[in-house]
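Sequence annotations record features per position, and here Swiss-Prot assigns substrate binding site to 25, 137, 356 based on similarity to another entry. Feature annotation from Swiss-Prot assigns pyridoxal 5'-phosphate binding site to 112, 113, 185, 210, 211, 212, 213, 241, 242, 243, 244; the stated evidence is similarity to another entry. The N6-(pyridoxal phosphate)lysine feature in Swiss-Prot is assigned to 244; the stated evidence is similarity to another entry.
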């Protein structure tokens, strides 16, 4: 396609606007195995950018499980789970997820994004109302749009605003669904789950909780925010991913048998896509076993989180109760400059900018496999960089 084609000329104009606003993004290439230290664009750096909270993505046991599954079953599932793509391994993983979450059943999707898309659009339509937290993940927001339901947002974690919307609108719709992240991925704070459950019950409303950043991190056994708040076996829908603390790929929905059976028959993003590969499925299953058998991994993660929060809590830290720590900066230029300086000194903690978030920040993801030396080194460098860039009026 010629660059001068007038039909596509708007693309260059749009890109120029994105660059002018400092919103332009390009991927950075990692050429090593996942871990607390990675090789990024040829440079060895300590990795504070990964969602691999337990350090399992490079664990030999996950790798061996993936290899064994590939040798036994091939590289791909080769079809929809309803045609030629279903394997016993999928069923084993779903049972393991249900056991972890203490739900009746679970369903594995090819990604967490697809799990949210498919679930929300299957259980709601134009006769229904969806109320979502303002800071929800894109997959929750776009799944709601896809459903055709009326979609309203409430201010972040503002239960009074949510209640007011329900009092005003609930009676006008057949069914209603409240959607929320359990851990808000760009802030690190938690949803107010017990209160949300009480409101959902009062207004006869379904509740869907996205545990993407909670599973493997929070809860007595690592089951997530639902377990953390002692809300296990309450009437709700749990959605999550296998690609963060569990170190693999894919997504899941956990809930009642009726819900899961319904989704097998109505969730388009499960029905009309190839099943999760044997390698990814086996790796996720191995990760769940490790999560349950090695609680010390999660304990070490929280020790690392506590050290960082204690040392850096007065550096514009956004309130956090998770492995995601965000530090506010005045504008995208400051955030980009600080992210570049951190990288130059051997620490990968990227700048996050609008439109992904309302305000610019450095986002730090903590891992169980960060060593004490790496934690202390990061604290020292971060303090120096933050003092320099947070006060830079010329950026």
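For all residues, glycine too, the Cβ spot is worked out from N, Cα and C.
Features recorded in Swiss-Prot, as mapped to the structure shown.
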residue	record	contacts (Cβ under 8 Å, 6+ apart)
25	substrate binding site	none
112	pyridoxal 5'-phosphate binding site	139, 210, 212, 239, 240, 241, 242, 243, 250, 251, 252
137	substrate binding site	116, 181, 185, 210, 212
211	pyridoxal 5'-phosphate binding site	182, 183, 224, 225, 226, 238, 239, 240
213	pyridoxal 5'-phosphate binding site	51, 181, 182, 183, 184, 185, 244, 322, 323, 324
356	substrate binding site	186
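Each of the binding-site residues 185, 242, 244 was scored by the number of other CB atoms within 10 Å of its CB, and the largest score is that of 242. Same-chain residues that are not part of 112, 113, 185, 210, 211, 212, 213, 241, 242, 243, 244 yet have a Cβ within 8 Å of the Cβ center of the pyridoxal 5'-phosphate site turn out to be 51, 137, 215, 240, 251.
For the pyridoxal 5'-phosphate site, whose annotated binding residues are 112, 113, 185, 210, 211, 212, 213, 241, 242, 243, 244, the maximal Cα to Cα separation is 15 Å.
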